[in-house]
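Here the structure comes first, spelled out in structure tokens, and everything after it is commentary.
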Amino acid sequence: MEKLKEFERDLQPRQHLWYFEYYTGNNVGLFMKINRMIYSGQSDIQRIDIFENPDLGVVFSLDGITMTTEKDEFMYHEMLAHVPMFLHPNPKKVLIIGGGDGGTLREVLKHDSVEKAVLCEVDGLVIEAARKYLKQTSCGFDDPRTEIVIANGAEYVRKFKNEFDVIIIDSTDPTAGQGGHLFTEEFYQACYDALKEDGVFSAETEDPFYDIGWFKLAYKRISKVFPITKVYLGFMTTYPSGMWSYTFASKGIDPIKDFNPEKVKNFNKELKYYNEEVHVASFALPNFVKKELGLM
């Protein structure tokens, strides 16, 4: 494993060093100015880059794909975590697969009912880099309720039966690295088996515009396993299309019928994106999304 190292000087602004990310198909993309390179490393699994942008703050990238920026990461992490957390009647034990930056863990730990949160990350260097350079998202790593496991999530979850109240899949892009293992029907079945009878599940399922193939495939596979499967959407400004999809699933809990808005209204921790109105609205899908999912 490569040792973490810091870059000792800022890059000269006149050099105009830019970060380019190409979306699926390589015809559209995102570019960000690099003010300062903070860290760059290569694990056995993937390339890790962390740099500073004047507008977005610290940016975290894996294999050239943006994972988080300081300015907008709350949008993604709050929607991925709080939708399932507020739908479970009393979430005590939570499993997060992926999410090595720590943002989803941070949001899960805002719920006082949580007694244990297991973060299963496949790449130990991501955890090490996040702990050192991504202070905003990795703040829950040392919480006494946190257990960090370095393992392949698809293999790890198979060890459990009827164990977790909530399982959250915070995977990387399925087109590169290890992310594809977390988009299989076998994996979703293992998650189903690891959940308690009243357990709930959520997963990031890509954007429904540029990544329509993966989006549809994830929904199809999850709905084969879980009797209740619902897609919901949220803004995510530095992800492809600016609109991101998540999929909620459960053995019996409905994300609209069983949602109690009073729980959100009475929540005493800071939320910058998620609220009771956003929860309900996020499950209202545009016609083009409904059509792709065969819902109209």
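Glycine too: its Cβ is placed from the backbone N, Cα and C atoms.
Annotated active site, proton acceptor per Swiss-Prot: ASP170, in sequence order, evidence recorded as sequence analysis. The Cβ of ASP170 (active site, proton acceptor) has LEU80, ILE96, ILE97, GLY98, GLY99, GLY103, THR104, GLU204 as same-chain neighbours under 8 Å, each 6 or more residues away in sequence. ASP170 (active site, proton acceptor) falls within a strand when secondary structure is assigned with DSSP.
ASN152 (S-methyl-5'-thioadenosine binding site) counts 16 other C-beta atoms within 10 Å of its own C-beta, drawing on all protein chains shown. The feature S-methyl-5'-thioadenosine binding site is assigned by Swiss-Prot to GLN46, GLU121, ASN152, GLY153, with sequence analysis given as support.
Here Swiss-Prot flags HIS77, ASP101, ASP170, SER171, THR172, ASP173 as spermidine binding site, drawing on sequence analysis.
Marked as domain 'PABS' by Swiss-Prot on the basis of sequence analysis: 16-251.
Of all the binding-site residues in the list HIS77, ASP101, SER171, THR172, the shortest Cα-Cα distance to GLN46 (S-methyl-5'-thioadenosine binding site) is found for THR172.
In sequence order, PHE60, MET67, THR68, GLU73, VAL126, ALA130, LEU134, THR137, SER138 are the residues near ASP101 (spermidine binding site), counting only same-chain partners six or more apart with C-beta under 8 A. When the Cα atoms are compared, GLU121 (S-methyl-5'-thioadenosine binding site) and HIS77 (spermidine binding site) turn out to be 16 Å apart. ASN152 (S-methyl-5'-thioadenosine binding site) sits 11 Å from SER171 (spermidine binding site), taking the C-alpha atoms as the reference points.
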